[in-house]
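Working notes, beginning with the structure itself.
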Amino acid sequence: MDLWQLLLTLAVAGSGSAFSGSEATPTILGSASQSLQRVNPGLGTNSSEKPKFTKCRSPELETFSCHWTDGVRHGLKNAGSVQLFYIRRSTQEWTQEWKECPDYVSAGENSCYFNSSYTSIWIPYCIKLTSNGGTVDQKCFSVEEIVQPDPPIGLNWTLLNISLTGIHADIQVRWEPPPNADVQKGWIVLKYELQYKEVNESQWKMMDPVSATSVPVYSLRLDKEYEVRVRSRQRNSEKYGEFSEALYVTLPQMSPFACEEDFQFPWFLIIIFGIFGLTMILFLFIFSKQQRIKMLILPPVPVPKIKGIDPDLLKEGKLEEVNTILAIHDNYKPEFYNDDSWVEFIELDIDDLDEKTEGSDTDRLLSNDHEKSLNILGAKDDDSGRTSCYEPDILETDFNASDVCDGTSEVAQPQRLKGEVDLLCLDQKNQNNSPSTDTTPTTQQPSIILAKENKPRPLLISGTESTQQAAHTQLSNPSSLANIDFYAQVSDITLAGSVVLSPGQKNKAGISPCDMPPEVASLCQANFIMDNAYFCEADAKKCITVAPHVEAESRVEPSFNQEDIYITTESLTTTAGQSGTTERAVSSEMPVPDYTSIHIIQSPRGLVLNATALPLPDKEFLSSCGYVSTDQLNKIMP
C-alpha cells in the first residue's frame, strides 16, 4: 500500500507542477520524502533516525566543540528541533541544572562551541542531545581527554649533504607549531610525527615521534620527488590531529651519469663462488683425513695382542727373543723340550679311574699291563751321547745344593736310615706271617749307557731281547719278588728337588732289612766326596752287592754319594781290589735295577727316576764305560 501511495503522490506532483508551477513543489517533495523514509528507512542520512554525537575536540586545551548528526530531518528541520545541553561537576557534586549550548554557529553546522569562559580543565563534562523534548544521545568526558591539536604550519626543508656517489642526499625538515596552541608558555606539550614518500608511491614512511619542530631525513635519491607531511598530538594522548599541508621536495641531480639503476653488488656470483670454495675445502679435508675418517666410520675389529712383543720378531722367526720377552711374566715359562734330548721315564697309566680300586700299586706294577713300561726302559738309547734335557746351569746348581745338603747330614744320615729300616721291618712282620723264600734268578746283565757330559742325567736301561725277556720273567715270577725292593716311603727331599724313597720289602739279596745289622743297612748310604775325575755310574754302586757280605769284610767302607753319578779316583781304586771277590759271590744272580729317587715329574702320567747301579763283571766294566781317563784306566787294569 505504501509503495502504491508513493507512486500516486509522485504522479500527482508531476501533474501539479505542470499546472501550478513551482510553488507546490517543496510541499509535494517533502511529503514524498517522508513516504520514502517510511517505506525504506535506510535511505535516510542517519540509519538510526536519531541525532548522534560524532566527536568532541579541543585544539589547544582552552576551548572545545562538539559535533553531531541531524537525524531524519536533515535540511528540512526547523530551528530548535535538535538541542544540546551540558552539565559539569563542580567540586564533588554534579550541578542539577542542565544548560543549553552557548554557541551553535562558531563551530559550524550541527555543532556547539565552548569558548574559554565555558571551558574548565580537569573537570568532567556531560552533554546530551534532545529532539522534540526527548534525549536522543548522551556523552561524558574531560577536556584534556579530547585534545586534538591543529596541524603544524610553515613546513620547509634544507639540504644537509650529498653522498660521494651523487646518488643520495640528506635533508632537514622544519615546521611551526599550531598557531592556536600555547606551546611557548608550556600550556600544552605536543609530539610531532613526520611522514614522507615518493610522489608516485602510495605507502607513507613514518618516522618516530619527536618533540622538536625539525627532523632530518636521510638517504633520499636525488632524481626523485618526495612528499612530506606532519601531524601532532598531546604528549600524554594517542589521538593525533590533522595532517599539515604536503611539502614537496625535489632534489637536483648532481651526478654526471644517470642513476636510474643503482650499482648492484654481485651477491649471486659471490654466493656461487663461496659454495664452490667450501666444497673444494671439504673435499681436500676428507682426502687428507681419509684414514682417520674411515676408522671413525668403520672402526677396525680388535685383534688379540700381547703387550711388549714386537710383531716383527714373530715374522722374522726370532723365537728366542720372544721367549725372553715372555719369560718376564710370571705366568709364562719357556718350553725347552723342542731342542732337548729324549727323556727316559716310566709311564704310569692312570687314565681309568676305576683301575685304582682294582688292586694296589704293587700288583699293577707286576702285572702284564706294565710290560709297556718295561719295554720303554729296555729300549736302546741312540741318543746317549747327547746332553741332558735339563740345562747345565740348573743341574749344576741343583747338584751343588745336593752336595751341600749331603755334606751337612753326613752324621745324621745313618741314624735316619736305621730308624726307617726299623719301621719297615715292623710293617713287614705285621703283614707277612711266613718268611719269603729266596730264589736266585738268572738274568743277563743289562748294559748301562752313560751320558757324555759330566752332569748327572736319568738312567736308561737298554739291552737285547733276551734281557727284556729275562726282566719280564723275573718280574712275573713270584719267586723273584724277594730280589725286588718297592720304595713306598719318602725318606728325604734334597735341596735340588729330588725325592729319596725308602724300601718297603726285602732287599735284592733275599735278606730282610731287619735281619741286617745297622752298619750293613747304612753301608752304601754314606756320603762320598765329589771329584773331577770321570767314571761309570755302575762301578760306583757295587756296594749294593757287597752289602750281604759285610760281616766278613766290614773294614772296607767306600764313601760316595748315592745321588751322584761320578765317583773319585781314590774311591775307585779302593773298591777295585775288592770287586773281584764280591762279584764272584753274586755273579750268579743279578737283581732288577731299583729306582730309589724321583728325578722329575715329567707329566701327570710319567715320573723320571734316578736308578741305582747294577754290579758288573770286570769284563763288562770297560765295555760299558766310555768316559774313563788314561790315569784311571792304568790304576784299574792289572
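For all residues, glycine too, the Cβ spot is worked out from N, Cα and C.
Marked as signal peptide by Swiss-Prot: 1-18. The motif 'WSXWS motif' annotation in Swiss-Prot covers 240-244. Residues or ranges marked as region 'Required for JAK2 binding' by Swiss-Prot: 294-379. If you look up Swiss-Prot, you'll see 297-305 marked as motif 'Box 1 motif'. Sequence annotations record features per position, and here Swiss-Prot assigns motif 'UbE motif' to 340-349. If you look up Swiss-Prot, you'll see SER341 marked as phosphoserine. Summarising the annotation, Swiss-Prot assigns region 'Disordered' to 428-448.
Residues 59, 148-153, 155, 175, 178, 193, 195, 229-233 of the same chain lie 6 or more positions beyond the ends of the motif 'WSXWS motif' (240-244) yet place their CB under 8 Å from a CB of it. Helix, strand and coil residue tallies for the motif 'WSXWS motif' (240-244), in that order: 0 helix, 1 strand, 4 coil [DSSP]. Over the motif 'Box 1 motif' (297-305) the predicted model carries a mean pLDDT of 75.
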